[in-house]
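Notes follow the structure.
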Amino acid sequence: MLVYLAEYLTQFYSGFNVFSYVTFRAILGLLTALIFSLWWGPKMIERLQMLQIGQVVRNDGPESHFSKRGTPTMGGILILAGVFISVLLWGDLASRYVWVVLFVLASFGLIGFIDDYRKVVRKDTKGLIAKWKYILQSLAALVIAFYLYASADLVGETQLVVPFFKDIMPQLGGFFIVLAYFTIVGSSNAVNLTDGLDGLAIMPTVMVAAAFALIAYLSGHVQFANYLHLPYLPGAGELVIVCTAIVGAGLGFLWFNTYPAQVFMGDVGSLALGAALGVIAVLVRQEILLVIMGGVFVMETVSVILQVGSYKLRGQRIFRMAPIHHHYELKGWPEPRVIVRFWIISLFLVLLGLATLKLR
């Protein structure tokens, strides 16, 4: 929004032209979201405590988690508010890239909010019924998938980028809708499954978002895109502001979510952030790269699938408990050790993913 004001003021003072640079606005976007989260965080935590909106803890979970019962949750609202304020201030609101991500954040955030509300306010431990949660997620994802496919007017917007192979970029056609759908819904639920320990989900989310900020910048710059054999996507640079806003809001939230957590993000945060990473990957045509960089999310999801499948087919469990972070807790690892080691794995995978941009 402020970019338009700066554009108008440029005629009076050329220094305002600096706001036309994506990198400058991205830095301001990160700082805005970070400062907002740090400033508003204590007030929100206090408000959640007053409303008695506390975490519901599974009785069959690790005993160390029983002490978390009652910790304020739904803190994802803080993250989403920081992202929205930052993007609306510093983003180019004429960009469809911006509005696509904001729609996904809002729609999946609303689904998560309903789920959290039923759990912590209505005291319904099941929350939103899984069937309805999946239906609502599917509707939101399909709306975006069909919109992106129908509005695609460049070849690169529906190509699939295959890491390590610069000359393999198949045209997806209608399969684009299927891939976009599963990427958005899958990423949303994967981050949700990962959000089981203090700070475990938010830090990998920040890392992946930071990596996508770089990729979006490169994809929106014709010379860099051609040099790295990426699809050139005019206007994709505006996604940099969205990604850095997620980074800033996420780091601000981590200040209060780090062990021992003062607040949890809840489904309102995890479902929305996961879906946002998914749709950003779709927009910059890096769905496969998301699997690599978001490997921690993939690992958590696969552990649940294997656990459920093994129990139903063989009557035996592979892990002591799923998702896999609980397995290591039950093996005796202290919670901070599990968290930091998963962060290290995430950092390695993000760097590996970025390396594939050149290793092709």
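The backbone N, Cα and C atoms fix where each Cβ goes, glycine too.
Keep in mind that what you see is a predicted model, and the values were worked out from it rather than measured.
Taken verbatim from Swiss-Prot:
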TRANSMEM  21-41  transmembrane segment
TRANSMEM  74-94  transmembrane segment
TRANSMEM  97-117  transmembrane segment
TRANSMEM  135-155  transmembrane segment
TRANSMEM  168-188  transmembrane segment
TRANSMEM  199-219  transmembrane segment
TRANSMEM  236-256  transmembrane segment
TRANSMEM  263-283  transmembrane segment
TRANSMEM  288-308  transmembrane segment
TRANSMEM  338-358  transmembrane segment
Segment proximity, the transmembrane segment (135-155) to the transmembrane segment (97-117), 3 or more C-beta pairs under 8 Å: yes
Stretch contact, the transmembrane segment (236-256) with the transmembrane segment (74-94), Cβ-Cβ under 8 Å, 3+ pairs: yes
Other parts of the chain folded back onto the transmembrane segment (338-358), taken as Cβ under 8 Å at six or more residues beyond its ends: 163-164, 197-200, 203-204, 207-208, 210-211, 214-215, 218, 228, 230, 259, 289, 292-296, 299, 325, 328-329
For the transmembrane segment (263-283), sequence-distant contacts whose Cβ falls under 8 Å of one of its Cβ atoms, 6 or more beyond its ends: 41, 44-45, 48, 55, 68, 71-80, 97, 100-101, 104-109, 111-113, 115-116, 120, 127, 137, 140-141, 144-145, 148, 179-180, 183-192, 194-195, 201-202, 205, 208-209, 212, 216, 233, 236, 239, 242-243, 246, 250, 253, 256-257, 289-290, 294, 297
Outside the transmembrane segment (199-219), six or more residues from its ends: residues with CB under 8 Å to it: 22-23, 26, 79, 191, 225, 228, 230-233, 236-240, 243-244, 246-247, 250-251, 253-254, 257-259, 261, 265, 270, 273-274, 276-277, 280-281, 283-286, 289-290, 293-294, 296-297, 325, 338-339, 342-343, 346-347, 350, 353-354, 357
